[in-house]
Amino acid sequence: MEPFPSSTLLLVSSFAALSLACLLSIPTALAIARRLCRRGPPEFQCTDAYHDEDGGVTEESSRSFSDTWQRVALVVSSIVGLTASLVILLSSWRPIGHQEVASLAAESGIWVFVFLQAAALSIERSPTRRFELSSYVAWTAVLTLLTPALGIGLAILNHSTSSMSEKGILLLQARSAQLVAAIACIACSILIPRRPDVFYDGRLVDRQATVSAWGNFSFGWATELLRQVARNPELGLRDLPELPHVARSDVLLAHLEQRRTKGRSNMLWRILLATHWSPLLRQMLLGVLSALVSFGPQVALFGLLKGLEDRDNSLSGAPTAGNLPSPWLWVFALASLMLLNALLGARLSWMVQSEIGIPVQAELVSMVFAKSMRLGDPSARSSLQSKTSDDGKGQRDAGGQHSVVNLAAVDARRIADFASSQYLVSASLVQLLVACGLLFSLIGLESLVAGLAVAVLITHLNTLLTRGLSRVQSGVMTATDSRIAALAECFRGIRQVKFSALEKQWEARILHRRETELARLWIAVRYRVALISVWVFFPIVMSAVSLTVYALVHGTVTASVAFTAMSVFSNLDVALSSLPDVLSRAAEAIVSLRRIQDFLDSPEKKQNVTTRSRNSTISLRDATLAWPASGGEGKPRQDRSLLSNVSLTFPPKGLTLIAGRTGCGKTLLLTSILGDCNIVSGAVNISSPPTARERHDEFATPGKWVIDTALAYVSQNPWIENATVRDNITLGLPYWDSRYREVLFATSLEKDLDMLPDGDLTDIGANGVNLSGGQKWRIAFARALYSRAGTLVIDDIFSALDAHTSRHVFEHGLAGDIAKGRTRILATHHIGLCLPRADYCVILDQGRVQHAGSVDALATTNIISHLGLSADETGEKDDAEDQKPASLPSDGPADSPSHSQERSAVLPRFVEDEGRATGSSTWTLYASYLRGGRRGVVPWALAVLGFVVYTILMIGRSLWMAVWTGSTADNRRPEQHALLLAVPHDEHIFALPSDLVNSNLSMDSGDHPGRLAWYIGIYVAISAATCVMGAARTMLLYAAALDSSRGLFENLLHTVLRAPMRWFDTVPQGRIMNRFIADMSLLDTRLGLDLLFGLGRSLELVGIAATTALVCPPLVLPAIVFLALCMRLGSVYLVGAREIKRLESVARSPIFEQFNSCLRGLTTIRAFGLAEKYVGLMHGKVNDYSRASWYLWLLNSWITLRLTLLVALFSTVTAGAVVHMGSIPAPAAGLILSLVFRYNLTMVQAVKQWANLEMDMNAAERVVEYAGVTTENQGGKEVPAAWPTEGLLEVEDLVSGYAPELAPSLNGVSFTILPNQRVGIVGRTGAGKSSLALALFRFIEARSGQIRIDGIDISSIRLEDLRSRLAVIPQDPVLFSGSLRTNLDPFGQLDDAQLYEALESVSLARPTEEEEEAGVFPGLSTFVSEGGQNLSQGQRQLVCLARTVLSRPKILVMDEATSAMDMETDALIQKSLRSEFGCNATTLLVVAHRLSTVADFDRIIVMDAGKVVEFGSPRTLMGISGGNFRSLVMNSGEREHLQQVILGSDT
């Protein structure tokens, strides 16, 4: 026989391979030509110059990069292969025919191309081009394998090797050597690295585009990360490599916005599809290919078993099929197909996340944030319109910051999850078609049609369930929004909640919304369970129906038919069981897309100006102004929210005052300058402010600092970032020491910085929680003075400052040298202080401009006195006017922008970095989760019982099928069906002992119709019970998971609401909300699924292992070895993945924190022109989160590939052993291999599921962490119901501080206040006035000394009793969303008459004929937005005062409660206080900077440096020569008035 009988086939394949090799060599030829034609220096001479879009190389990475040995080995291997091919050609020239010679010559030609391509690598200087060319070398080398491999395969297939001549054997050996050379070429080619390690911003960039092709395909670059984590479990986000360019948030957002602006459609789903169509298409194609390959092991196993069956028949003398391929060929095919399946699965899981899931989430979060920076209503103001429900109570605001955060935290994630899993739909459809083809050939048309009829019904049911789930999911998201809204509002106003002891009420309100959310979530769970049940038990029902019809048609059913059909249906189970999750995600994604689309379509800030002037003049012409409408664009809130017919021109580089009564529209006028209000008619002409890019702040110098057209803004509620004092003032500008010191002096911050622990490098909490009100205002003003703005827009900076500080700030700041030459527009009630130095004055009243002109013109009118505004705050010039800026310690170059950051790195931070646990989750954590529900572990015990029963039913179903098929064992004929035991995915093949199978019970069911009905009936009953129990176990597990989630939420909420105020000050709200949003969302939905699949796979594994030990004991030891290897890989993976999962959780909090911070300060950010800067900062935070997700999925793909390769190896070795032994019959071999394959796959799934569970328990870990924070002491004795009855307040040697490690803020304070006295507390900023108020409410506990109220030590009673019996009106008033009625009477205990009476007492209500006056609410149903942001600062203070009037406390503390009111309103309030809280009814303590507020009080407490320096009546203190109080009075602008009030006729 000839050595190679199929010479024609070899010839065709050889020349086809030669043609492909020629085509593959074209890029090499072009590279050589390009290199030879280049006359100048090469494009890339050394790795030092390498730079691409990802980053650039460093000296170290350049030195370490080398691919020399790969290129040398490649050239050597190509020479060896070429030499071997020439030797074979010359040796075979004469003995063989012309066709063989031609094919050998073609092979030699291919090797010539391989050599040329390898040699071309040596002259190419660019590493990336060498990498590209090496891929062509690899593919060409693969072609050199095809012809020899085909020849060897044909020889083995045709059994020709036994009759070969000695020459033929020698040639076969030569070809084998040639194969080794080709394999070496391939190996060297795929081991060539692509580029040196590149760095971006000093961090190593992800090495996916750096490593070789082999490293890329095997995820080899993740191994070093695992080693790094093992060495350092406490690594941080900075230790993770940087993302590649295409995955960075800024790049993704730019591409998405480009599509959005240039596309024809503005629909978000179309934009996402157009942006990501390429990876989505690749994902779908790869998914379909993976689905097709998934049937490959079944086909290979069919061929293997059929070959073994044919061998058994030939040994027994039975007829054989003949001419079947060798079983060893099928073993090789099995190994190849399983290897391909493993590679495709791992690559697919990585691609769907790295190219779709992670980028889509990052760009959506960035897009939501960028949109929030352009919102048309930056202050979240809502109309003062009545939003009245049927019961007359105002509805709560559904919008606000929390909804925006929820879009980024939840909706973006859900869209990304669906986008990364949608390929499963097409893959499942392909698997369905392939399975139908196999079933048609196996069970016939009748049975298949019956099964497909069931499939049609199930599909229709699935459609109905999916639609229902989509509707329910929308309700779930609405309920979640409502719950998050309540949480966000509660935490934002936590001070007021604690001051008023409203923790229980807010807890009940939030839990009510939580129960609504859980109720809707439970409905969604039932839909999900129904979907899971439909698709998981779809194979069970189809197999039951199909096999029943088959048995009825054929009168019997054999084991080969039964188990083959069941295995194919099981393969469908794997394909279709993922559909419920995908469809559930689709329903969620549709809802989320609509929500984000609505947000993106919301009105943006418009450029209100009709004319752009290049000078700094600002003017309004017949302008009618209104706040942005909450209900729609272009609709004013109400007529009373308008400023009508405004015409005025602000003098350039002059000081303009805007004055008027509380609520008259001063802030609205300022907002028109910023462009954040609606211009109903008329025109606003302002200068064109430069963008941050146009300003080039990094190149600013003192000589070219102020830009006339730039703006700066100081809001009524100062916005302070979580950063150092210096960073808050410079706000990203270069640090110039001289200017900085001048600003500190002008704002009187020098003494304050001396008192701070680290001076101007002291870390400030979010919103300035560790600063006094005056300090926050002055830091915000210092920021405006330090800025480059030529126009300063300032909203009343004097309200929280004492008289001395106010004068200093005005003289040296607002009217000082640093402000000269800048346009200053100030809204204030302190016109007496500012008027003498003003250039222009605007008086507003009743929505109109009463006066706009010079100060001299104003003096000729009586407008000021008519409106009750005081212009008498003149007085003497401050002695500090002639002072010079005090020198600050200099720690580096004055112009170094980064030196403050360098120092702050070693200083203690007020807000510490978020901590995280390390190591594996403890059993204590699991116990806390399982016992966290209301019903303890009972629901979990029921769920486990349900899983056990389900597993027993599945085993019983398989056993009964074995008994049934065993009844026809004696009548089976080999030719009826070849045994096809395909790889089962969700079924157990259990073998029974032969005596049971062939016992007398086994009768030919075809001869006994009753017996057939018996078998069918029992089988159908068990199948039905399996379906029911499967749904029940899922429902039980979900119920247990939701019960634990409910309990953990309740514990978390209860603990957090009772945490000390210091904890809220030092823990950013974003971290807290992260627990309540992202972590609780995972506990609500995903952790239950983790437990479901983990527990199910584990029980399944136990069943398979027990059956394997029973059927084939020799497999036990190899199975244990395989288990040990899987567990080892799993433990290595888990060590790294668990820590990176924790990093991912930690990385979410900064995103939430920046959302909250920037939305609070949006007006300020936009006024300074820094919106782009904060979008850039958000990109960095999103990249941090994406980086953690990126490496988490990288490790997931790493473990997936290795586990599936281990499965392929073990399965192949087992199949090879079965073939090699030769004595195992085909049915037994099929059973053994089925058990092994199922054991392998179940082991892999179990390892991954428990790893996922361990990582997702991180959410429970974080929730349990905050549920265990130290709370305020809730214990103490009960006080009498009427306590306090007198209002006697005694403070004795009180020493207290904000934290044990900090210096005391009150030091030896002692005084006694008699019942019903009115006491004023005065002193310079930072003297300890507010600390004393906090001590009365035990926000700061006494270190020593006592505070007694009516003789009872307040430290011995319950906090709730103390705080609920006292009342406070804080300096920064807090209102909650709802109506005016719900803010005044949150529990509906009072009637309207009482509410109106309280409003009238604080001048918020007037008789009907006076209702048109400014500041008057239209009714009790007036809508109040979140935080009361639709009201002015003064109006909020008045509402809080009215709320206090209704409570009628025995002791009332007012902390600058009238600071934002005009003089007339303040005087009216003081009169009301005397009438409401006088007459021996209330002990009143008032913290005041405006001395006129407390001038006629019974006693005055003067504080300084945390001590009481003076205490007595105002008259007594005025008589102390050189006294502090006397000094305050004499330095006040109201000196004469105060003396008249205090001394009366004696003056």
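Glycine is no exception: its Cβ is also placed from the backbone N, Cα and C atoms.
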From 105-124, 1105-1124, the residue range that TrEMBL assigns the feature transmembrane segment: 105-124
Recorded stretch that, among 285-308, 937-960, 1012-1032, has the most CB pairs under 8 Å to the transmembrane segment (529-553): 1012-1032
Proximity verdict for the transmembrane segment (72-93) and the transmembrane segment (177-193), three or more C-beta pairs under 8 Å: yes
Contact call for the transmembrane segment (423-442) and the transmembrane segment (285-308): at least 3 Cβ pairs under 8 Å, seq gap 6+: yes
For the transmembrane segment (328-346), sequence-distant contacts whose Cβ falls under 8 Å of one of its Cβ atoms, 6 or more beyond its ends: 153, 156-157, 217, 219, 286, 289-290, 293-294, 296-297, 299-301, 303-304, 307, 1197, 1200-1201, 1204-1205, 1207-1208, 1211-1212, 1215-1216, 1219
Long-range Cβ neighbours of the transmembrane segment (12-33) (under 8 Å; 6 or more residues past either end): 102-104, 106-107, 109-110, 113-114, 116-117, 120, 123-124, 129, 132-133, 136, 139-140, 143-144, 146-147, 150
Per-residue pLDDT averaged over the domain 'ABC transporter' (618-871), given as an integer: 82
